[in-house]
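These come from Swiss-Prot:
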- 1-28: topological domain 'Extracellular' (TOPO_DOM)
- ASN8: N-linked glycosylation site (CARBOHYD)
- 29-49: transmembrane segment (TRANSMEM)
- 50-60: topological domain 'Cytoplasmic' (TOPO_DOM)
- 61-81: transmembrane segment (TRANSMEM)
- 82-100: topological domain 'Extracellular' (TOPO_DOM)
- CYS100-CYS182: disulfide bond (DISULFID)
- 101-121: transmembrane segment (TRANSMEM)
- 122-145: topological domain 'Cytoplasmic' (TOPO_DOM)
- 146-166: transmembrane segment (TRANSMEM)
- 167-199: topological domain 'Extracellular' (TOPO_DOM)
- 200-220: transmembrane segment (TRANSMEM)
- 221-243: topological domain 'Cytoplasmic' (TOPO_DOM)
- 244-264: transmembrane segment (TRANSMEM)
- 265-274: topological domain 'Extracellular' (TOPO_DOM)
- 275-295: transmembrane segment (TRANSMEM)
- 296-316: topological domain 'Cytoplasmic' (TOPO_DOM)
Amino acid sequence: MGKPGRVNQTTVSDFLLLGLSEWPEEQPLLFGIFLGMYLVTMVGNLLIILAISSDPHLHTPMYFFLANLSLTDACFTSASIPKMLANIHTQSQIISYSGCLAQLYFLLMFGGLDNCLLAVMAYDRYVAICQPLHYSTSMSPQLCALMLGVCWVLTNCPALMHTLLLTRVAFCAQKAIPHFYCDPSALLKLACSDTHVNELMIITMGLLFLTVPLLLIVFSYVRIFWAVFVISSPGGRWKAFSTCGSHLTVVLLFYGSLMGVYLLPPSTYSTERESRAAVLYMVIIPTLNPFIYSLRNRDMKEALGKLFVSGKTFFL
């Protein structure tokens, strides 16, 4: 809700991102840690995309969505970390008004797309395990492209609408955001005008981007587990579980981190806790994803090996 009691209303040209620490001596350490994780995220996800695109054996629905998930993870991390690194390097906390809205839009869009792709990948595993005879028709290239397009539309439109609604909000002279990125809830706390519509939009996006994909994932894995336990052969069970083990690991890490923070009692809320949660699902998990999908997957390891061999041959 807006704060009608505030009368010091002004046209805001920029905001201040307070970052993760107020201590100057900690800034070089934070810069090194986040630069390292960002580079690992970008290189790891780029290698997955190159390995999948260069190996014809990986031109399947599962790896098609994995390549798009890797691209989404790279874009999601790039929406916030480079600006944080630039602010630390220049010893500045400023982000322009337009830059803040642009960052918010990309974070919402790619964050929502990440969730949507995780749900689609769970459905892909459900069809592969529970309906193997219909897999080629149920997950045809045309349908995969359609599902990807639907995910882009479903995440882009609400993110754009929320960002446009923020342009109608009047902000007060106070413009400090206690995060390393433009958090929508923190932005609304700086508003001087009514924000009921914006808050309703945040709730709607939470349901659309988090709750609906999670329900689809849970439904898919309930059906998968039921189908796997019917299999009498231990080898068959292991093969079925191995096809979705990496995806399930990523899902548990991502949603587990969110629930571990946001389902705690409101009395324990703090900006520090929310910042740590943001670091976990915006930086650490995208950094781990390439390792999870490559180290636990024989086909990916073989494709990466071929990619490195071809790279050495090219440079030699």
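Glycine too: its Cβ is placed from the backbone N, Cα and C atoms.
Tertiary neighbourhood of the transmembrane segment (101-121): same-chain residues 62, 65-66, 68-69, 72-73, 75-76, 79-80, 83, 95, 147-148, 151-152, 154-156, 158-160, 162-163, 166-167, 181-182, 184, 187, 205, 208-210, 212-214, 216-217, 220, 247, 250-251, 254, 282, selected by CB-CB distance under 8 Å and a gap of 6+ residues from either end. Using a Cβ-Cβ cut-off under 8 Å and counting only residues 6 or more beyond its ends in the same chain, the transmembrane segment (200-220) has close neighbours at 108, 111-112, 115-116, 118-119, 122-123, 125-126, 154-155, 158-159, 161-162, 165, 184-185, 188, 251, 255, 258. For CYS182 (disulfide bond), the Cβ neighbour count at a 10 Å cut-off comes to 24, with all displayed protein chains included. Residues of the topological domain 'Extracellular' (167-199) grouped by DSSP class, helix first, strand second and coil last, total 10 helix, 5 strand, 18 coil.
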